[in-house]
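Right, one structure below, let's go through it.
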Amino acid sequence: MAGGGTEAFPDLGEHCQDPDCKLLDFLPFTCDGCKLVFCLEHRSYKSHNCPKSDHGSRTVSICETCSIAIETTGFDEKGIKSLLEKHERSGDCDPNKKKKPTCPVKRCKEILTFANNLTCKYCGVKFCLKHRFPTDHVCNKKIINTAGTSSRWNERFMEALSLRNQKGCGRGSSVSSKSSPSVRSF
């Protein structure tokens, strides 16, 4: 018996070429990298430690101008750059084909333009008008330290309140007399 099979069917199946296996497999797999024959268990590149596992892999680069994928298999970094420059000089590179930015909220497909997007003041991400409020999108960051502004607001409120009541509210601050009262009676 030369390659595999049984005495009755000598051409049926082949032995796995993994050194630790040698299983007679009736439906063998031929590796497209190293061209050896393997059983079901050893058919993947990783399972038989294929030395040419990246043989069939493909790489692409995305053009920043038009968002077209350009195959760059087998090129080094310098070659990829020249390939992209060649594409940009050709008539195929059209900036109108570039994918427009969309709202980052899940399942929202609204295209963000200059007129319909707002940046969240808490997380700094651009959203469409429908999802502009922190409650409408999953806002990742909490309110940035606004203790200084809230204390100033409280001071202004207390000053206005003291003007209204004509009392110092225990603060002992002098109130300017040229400010007009907040409520007028006629």
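Backbone N, Cα and C define each Cβ position, glycine as well.
Noted in Swiss-Prot for the protein shown:
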- Cys16, Cys21, Cys39, His42: Zn(2+) 1 binding site (BINDING)
- Cys31, Cys34, His48, Cys50: Zn(2+) 2 binding site (BINDING)
- Cys103, Cys108, Cys128, His131: Zn(2+) 3 binding site (BINDING)
- Cys120, Cys123, His137, Cys139: Zn(2+) 4 binding site (BINDING)
- 172-186: compositional bias 'Low complexity' (COMPBIAS)
- 167-186: region 'Disordered' (REGION)
- 10-58: zinc finger (ZN_FING)
- 97-147: zinc finger (ZN_FING)
Once near-sequence residues are set aside, which residues in the chain of His137 (Zn(2+) 4 binding site), 6 or more away, have Cβ atoms under 8 Å from its Cβ?
Pro104, Val105, Cys120, Val125, Phe127, His131
Cys123 (Zn(2+) 4 binding site) and Cys34 (Zn(2+) 2 binding site), Cα-Cα, nearest whole angstrom:
51
Out of the binding-site residues listed (His42, Cys103, Cys108, Cys123, Cys128), which are within 10 Å of His48 (Zn(2+) 2 binding site), Cα to Cα?
His42
Neighbouring C-beta atoms (10 Å sphere around the C-beta of Cys128 (Zn(2+) 3 binding site)):
21
Nearest of the binding-site residues (Cys21, Cys103, Cys108) to Cys123 (Zn(2+) 4 binding site) - Cα to Cα:
Cys103
Can you count the other CB atoms that lie within 10 A of the CB of Cys103 (Zn(2+) 3 binding site)?
22
Among the binding-site residues Cys120, Cys123, which residue has its Cβ surrounded by the fewest other Cβ atoms within 10 Å?
Cys123
Cys39 (Zn(2+) 1 binding site): which of the binding-site residues Cys31, Cys50, Cys103, Cys108 is the nearest Cα neighbour?
Cys31
C-alpha spacing of Cys50 (Zn(2+) 2 binding site) relative to Cys128 (Zn(2+) 3 binding site), in angstrom:
49
